[in-house]
Amino acid sequence: MSSDTGIQIPGRLPLLLTNENVLLPGSSMRITVDSPRNMKLVKARLLRGTSLKSTIIGVLPNTRDPDSEEDELPTLHRIGTAGISVQVVGSNWPKSHFTLLVTGLCRFRTVTIVKERPFVVAEVEQLDQLEQYTGQASLKGELGQLSEELLKYAAQLVGMLDMSVPVVAKLRRLLDSMPVETLPDILTSMIRTTNKEKLQILDAVELEERFKMAIPLLIRQIEGLKLIQKTRKPRHEDQKKVVAVLPVRKGGQHPFKQFSLDDSVEEGEEDSNDIAMLEKKIRSVHMPEQALKVCLKEVKRLRKMPQSMPEFALTRNYLELMVELPWDRSSKDCLDISSARILLDNDHYALDKLKKRVLEYLAVRQLKNNLKGPILCFVGPPGVGKTSVGRSIAKTLGREFHRIALGGVCDQSDIRGHRRTYVGSMPGRIINGLKTVGVNNPVFLLDEVDKLGKSLQGDPSAALLEVLDPEQNHSFTDHYLNVAFDLSQVLFIATANTTATIPPALLDRMEVIQVPGYTPEEKMEIAHRHLIPKQLEQHGLSPLQVQIPQEATTEIISRYTREAGVRTLERKFGAICRAVAVKVAEGQKAAKTPADDSSDHDLVLPPEMPIVIDKQAVRDILGPPIFEMEMSERLNQPGVAVGLAWTPLGGEIMFVEASRMEGEGQLTLTGQLGDVMKESAHLAISWLRSNAKAYQLTNASGGFDLLDNTDIHLHFPAGAVTKDGPSAGVTIVTCLASLFSGRLVRSDVAMTGEITLRGLVLPVGGIKDKVLAAHRAGIKQVIIPKRNEKDLEEIPAHVRADLKFITSSCLDDVLNAAFDGGFPRIRSHDLVNSKL
Ligand SMILES: Nc1ncnc2c1ncn2[C@@H]1O[C@H](COP(=O)(O)OP(=O)(O)OP(=O)(O)O)[C@@H](O)[C@H]1O
């Protein structure tokens with residue numbers, strides 16, 4: 001902004017208190033902000049403000065911001081410079097602070113302080129009204145003479161500098177183009193001056209006074225220069241002029257940096273060579289016309305820029321990225337459905353439904369020869385092979401694979417990049433991925449789309465929508481690139497643990513394929529076909545050196561892991577391989593060195609090959625079993641029942657515990673329960689109270705009002721995990737029925753189902769995962785709602801064969817199945833007192 005546009009600053013300005021430098025109108029300065037009031041100003045005005053006006057602040061020199069917000073303000077310097085904050089950079093190292101780049105607009109005087117906290121705001125009076133001079137051909141009278149004198153010295157100064165250096169040329173142009181009345185401020189801020197001198201220039205409100213002060217400063221600079229030129233011995237014959245005159249202020253920044261003469265020339269040559277190379281590359285990578293245009297424009301700018309300018313590096317990085325991007329580089333698709341089937345089968349055991357759907361998807365894409373259509377989204381617990389199926393798809397297509405982890409991404413710019421105006425700006429993950437793979441048709445796996453966050457920096461899911469939408473993604477514009485890149489050849493696949501937290505608009509564009517957890521038998525197969533060979537290879541072992549028989553695998557699956565996928569299982573095999581590797585390595589050492597030293601005879605004896613991992617070896621290596629069959633132990637007193645829960649990590653068994661004590665009929669619930677679950681607990685109590693007589697349930701003192709003089713405490717262990725949902729209803733009823741009747745719930749029964757106040761059992765979700773969890777935990781009978789019977793078809797036959805399913809339509813069915821010998825109800829006519 002120059003003064004001839006007629007700057008009008010707001011009547012009220014937030015004040016930034018500075019003590020080290022002096023900002024003058026027309027120059028730019030970096031200001032470090034770390035004191036309390038100033039920090040608050042930056043946060044409240046500059047980071048939150050959206051209008052241009054909110055970026056205008058008053059910069060007061062010679063005034064220290066007190067160390068604490070409670071401290072009184074020191075005397076404020078009366079005159080300051082209104083400035084526009086063009087850049088804010090935050091950092092936490094070595095302590096929390098901001099660095100502002102502020103361009104001075106005009107002087108102001110503080111009239112009154114409006115408030116001191118959280119930051120200083122003042123009524124101000126604008127002092128410079130320089131536009132009154134513009135339009136005049138030249139300044140009149142004394143002012144005219146002074147301005148001519150200043151111009152003369154300024155021209156002399158520039159004449160002493162080397163014009164071939166771009167910054168000097170720029171200064172020359174500046175002198176010609178800037179209104180002369182702005183020059184005292186601008187030149188003072190450029191030449192070598194002390195802060196005190198700058199402060200004097202700032203305080204010189206009258207223009208004449210300012211000229212009078214600036215001229216001696218210029219003369220001093222010229223004299224200094226002459227001295228340098230005299231004392232410096234030229235290194236070459238053709239002596240070049242000294243350029244080392246324009247100092248960079250400490251903490252400040254302006255375009256005229258200190259140069260060493262020779263360096264600048266050599267660098268300049270090298271630079272222009274480099275830039276020419278860059279331009280050649282830009283022209284050779286076949287980027288679209290628009291991108292080419294932008295790049296060539298940037299090259300032009302680069303040529304004019306001194307290398308020391310921060311923007312030089314920024315622009316160069318940008319151009320280098322543009323060159324590296326795969327604008328027209330793609331790999332050749334080599335899809336053959338039958339070999340794809342074989343490859344998928346070879347890489348993954350089970351997962352039939354998923355593999356079938358993937359093949360269909362690939363077949364359609366091959367026939368249609370384009371990628372429009374829904375994005376596949378694999379949803380299932382961790383470690384069930386979602387990512388590795390994605391990798392196999394890339395392999396079958398002969399495409400590059402790149403995984404983009406979205407867990408915790410809460411900033412739009414993560415996907416779409418930062419605008420290049422930010423220091424440290426970068427392209428987003430999509431463009432970065434393309435740069436990494438180097439082709440424009442890779443398979444991108446968007447991992448964990450359900451864990452996308454949201455924040456003030458914009459909603460990343462909105463950016464992803466654009467990426468995934470085939471109608472839009474042919475012209476995806478990353479903020480950093482600022483030109484469109486065609487993503488329509490990229491094959492996107494998403495994975496998630498649950499659909500519940502995927503933003504609905506995103507979910508709408510995807511075809512969800514559920515990947516359920518594995519049964520122990522499937523795990524056994526996966527272990528022997530894939531995990532064990534993979535781990536052996538990774539640890540440099542061969543099957544001739546170690547054997548892990550099936551019973552050891554069963555032991556690990558059932559007693560050392562309790563998960564839906566196979567990730568922990570794989571890790572356990574890793575631990576076994578490490579232990580074996582030590583033995584084998586020791587053996588090799590023993591084989592090489594003759595065992596003549598009998599003292600450590602035991603250690604160096606070569607182990608017998610192959611080392612067989614039996615149950616004892618498993619225990620030695622992995623320690624005592626982590627999961628004991630705790631069922632009967634925990635169900636050995638009344639008031640405990642086993643429920644089945646669904647979590648994004650798969651199914652789980654869940655204990656419900658109840659106890660009662662003397663009290664006033666209060667119900668206490670613990671274990672981090674959600675509202676729905678709390679309501680289930682109240683429903684359960686109400687239903688039991690109303691049926692207490694029929695089931696002969698009594699309170700602590702033997703009466704039928706269960707809450708009379710009785711407090712009840714219901715607890716759901718694993719208290720640190722939040723739980724919610726209605727499906728624990730039947731378990732709570734069973735647990736309380738056990739408590740009030742004093743009878744034990746069967747230890748081999750687990751249940752799930754929502755309840756109503758009238759005692760009906762309603763269907764719930766996640767039956768397959770829940771049943772698999774029950775099976776893993778060694779449960780023999782599972783009580784499910786009658787209307788969930790159809791879901792049993794999804795459960796693998798051998799699991800179904802191992803379990804007994806009891807379907808229930810009312811709580812009576814549940815209680816009868818949960819207790820040994822049933823849970824008899826006295827029919828209502830038995831309760832009616834005889835009138836005879
Ligand atoms: N059916 C399978 N056949 C062979 N290996 C499998 C199978 N399922 C999983 N694996 C193996 O299990 C490991 C974990 O799988 P992967 O990383 O693909 O899980 P994921 O479902 O993507 O988990 P997350 O949701 O945590 O990313 C991999 O080493 C993978 O090869």
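Positions of Cβ are set from backbone N, Cα and C atoms, glycine also.
Annotations in TrEMBL come from automatic prediction, not curation.
Fair warning: this is a prediction, and the values are worked out from it, not measured in the lab.
According to TrEMBL, the features are:
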- 13-222: domain 'Lon N-terminal' (DOMAIN)
- GLY380, PRO381, PRO382, GLY383, VAL384, GLY385, LYS386, THR387: ATP binding site (BINDING)
- 635-821: domain 'Lon proteolytic' (DOMAIN)
- SER727: active site (ACT_SITE)
- LYS770: active site (ACT_SITE)
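Features per TrEMBL, on structure.
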{"residue": "GLY380", "record": "ATP binding site", "DSSP class": "coil"}
{"residue": "GLY385", "record": "ATP binding site", "DSSP class": "coil"}
{"residue": "SER727", "record": "active site", "DSSP class": "helix"}
{"residue": "LYS770", "record": "active site", "DSSP class": "helix"}
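Between the CA atoms of LYS770 (active site) and GLY385 (ATP binding site) there is a gap of 19 Å. Those same-chain residues not listed among GLY380, PRO381, PRO382, GLY383, VAL384, GLY385, LYS386, THR387 yet with C-beta within 8 angstroms of the centroid of the ATP site C-beta atoms are PHE378, THR495, VAL515, ALA564, GLY565, ARG567. For the domain 'Lon N-terminal' (13-222), the model gives a mean pLDDT of 85. With a cut-off of under 6 Å between the Cβ and any atom of ligand 1, the recorded positions PRO382, GLY383, VAL384, SER727, LYS770 reduce to PRO382, GLY383, VAL384. Taking the C-alpha atom of SER727 (active site) as reference, the shortest distance to any of the binding-site residues GLY383, LYS386, THR387 belongs to GLY383.
All protein chains shown were included, and the count of other CB atoms within 10 Å of the CB of PRO382 (ATP binding site) stands at 19. Neighbour density for LYS770 (active site): within 10 A of its CB lie 29 other CB atoms from the protein chains shown. Over all protein chains present, the Cβ of GLY380 (ATP binding site) has 25 other Cβ atoms lying within 10 Å.
For the recorded positions given as THR387, SER727, the lowest number of other CB atoms within 10 Å of the residue's CB is seen at THR387. Less than 8 angstroms from the CB of GLY383 (ATP binding site) sit GLU563, ALA564, GLY565, VAL566, ARG567, THR568, GLU570, each of them six or more residues away in the same chain.
Spatially close to VAL384 (ATP binding site) yet at least six residues away along the chain are LEU351, VAL515, PRO516, GLY517, TYR518, ALA564, GLY565, VAL566, judged by Cβ distances under 8 angstroms.
A 10 Å cutoff on Cβ-Cβ distances gives GLY385 (ATP binding site) a total of 24 other Cβ atoms nearby, all chains included.
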